[in-house]
2 protein chains.
Amino acid sequence: MNRLKQAISEKGVVISDGVLKVDSFLNHQIDPALTLEIGKEFAERFKNQEITKILTLESSGIAPSLTTALELGVPVIFSRKKKSLTLSSNLLTAKVYSYTKDETNEITVSKDFIVEGDKVLIIDDFLANGEAALGLTSLVKQANATVVGIGIVIEKSFQPGRDKLEQAGFHVESLARISSLKNKKVGFIEEMVANK
Amino acid sequence: MNRLKQAISEKGVVISDGVLKVDSFLNHQIDPALTLEIGKEFAERFKNQEITKILTLESSGIAPSLTTALELGVPVIFSRKKKSLTLSSNLLTAKVYSYTKDETNEITVSKDFIVEGDKVLIIDDFLANGEAALGLTSLVKQANATVVGIGIVIEKSFQPGRDKLEQAGFHVESLARISSLKNKKVGFIEEMVANK
């Protein structure tokens, strides 16, 4: 998605070889027009999957999930992050380890909203080690629902997340795939398919 | 806003005299079509204010802020909640006491995104005691920017938040004003003005 790559190139800040800051349009300040395009692109890529729900993780996944949901006409559910387990019989929970913060969070979703038979599209802002996405797939499985795909805004392709998700059998679509952040420069993987 | 009131009446769950759960369309699962209408209504109510930014609080404020931003063509910034202060010279911070959780959180926003001269619309999902909204106004003031209004999806009018905000000189627009949650029933304040 060219407009997204352009925003990353122009406004992204490379903090280190592993860390890209996109606070000015995705993670803290949100560019609504770009987010709308991101949603249209996800909807286009997953349009034949008969999606019934979109599942994401608070907070940065909410905006691109909402614009995708507007296109597809399905609800968004955002999973909540908590440091400690809230004991509730009505929650599905999964543990997610964050390499960045070196801490494990519990992510939760109500059993009322992901239910048996649901065809769920998972959306997240970043894919690095894949821990958050795998946690979300675990919530869907616990509900006896199906993950029909995983949509990622920015994939750090030099980290193992995508491989882990594909090895687990999931269909991953990433709108921008970053091959390297070395020397303070963002390198992209150019896809073979026509890529807007 | 009739469609919002209808959703509250039909899908809201009154937990106690003070607590209304709207997890099925606003706070955990998001109804995208309703959220789009909410955004259009906020945009209509604040259209003459020359708004340059929308400021909200993660996580539940993000969706209605984004649909408002799509209408107004301005960026959204979502303030982050943290239990402990992150020392950073580039952050504006305010303390927000939560009556529900009986804890004080630090809310933060980068100095890069709310700047002198900005005309800021604050949006939040709920107004009860007004602590979160007042914290957001404090961030705007610290940046030498102006709060041009506060848009609330659901106001619990039997709690003191609105009075506090109006006494501090802010213009508040709430799309649904709840007069009472007694006897497990949601009562609304009917506005004198034509109210969609």
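Counting starts with 1 at the first residue shown.
Placement of Cβ uses the backbone N, Cα and C atoms for every residue, glycine included.
Because TrEMBL annotations are produced automatically, they should be read as predictions rather than curated entries.
Listed in TrEMBL for this protein:
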BINDING   A:Leu20, A:Asn27, A:Lys156  xanthine binding site
BINDING   A:Ala128, A:Asn129, A:Gly130, A:Glu131, A:Ala132  5-phospho-alpha-D-ribose 1-diphosphate binding site
DOMAIN    A:33-159  domain 'Phosphoribosyltransferase'
Close binding-site residues near A:Asn129 (5-phospho-alpha-D-ribose 1-diphosphate binding site), where close means Cα within 10 Å, chosen from A:Leu20, A:Asn27, A:Lys156: A:Lys156
Chain-mates of A:Leu20, A:Asn27, A:Lys156 with C-beta within 8 Å of site centroid, xanthine: A:Gly12, A:Val19, A:Lys21, A:Val22, A:Asp125, A:Phe126, A:Ala128, A:Ile154, A:Ile178
CB contacts for A:Asn27 (xanthine binding site) [other CB atoms within 10 A, all chains]: 19
Secondary-structure category, per DSSP, in which A:Ala132 (5-phospho-alpha-D-ribose 1-diphosphate binding site) falls: helix
Cβ within 8 Å of the mean position of the Cβ atoms of A:Ala128, A:Asn129, A:Gly130, A:Glu131, A:Ala132: remaining residues of the chain near 5-phospho-alpha-D-ribose 1-diphosphate: A:Val96, A:Tyr99, A:Leu127, A:Ala133, A:Leu134, A:Gln159, A:Gly161, A:Lys164
Helix, strand or coil at A:Leu20 (xanthine binding site) [DSSP, three-state]: strand
Mean of the pLDDT scores, which run from 0 to 100, over the domain 'Phosphoribosyltransferase' (A:33-159): 94
Neighbourhood of A:Glu131 (5-phospho-alpha-D-ribose 1-diphosphate binding site), C-beta criterion under 8 angstroms, separation at least six: A:Val96, A:Tyr97, A:Ser98, A:Tyr99, A:Gly161
Which of A:Leu20, A:Ala132, the listed binding-site residues, has fewest other Cβ atoms within 10 Å: A:Leu20
Length of the line joining the Cα atoms of A:Asn27 (xanthine binding site) and A:Ala128 (5-phospho-alpha-D-ribose 1-diphosphate binding site), in Å: 15
A:Leu20 (xanthine binding site) versus A:Ala132 (5-phospho-alpha-D-ribose 1-diphosphate binding site) - Cα distance in angstrom: 17
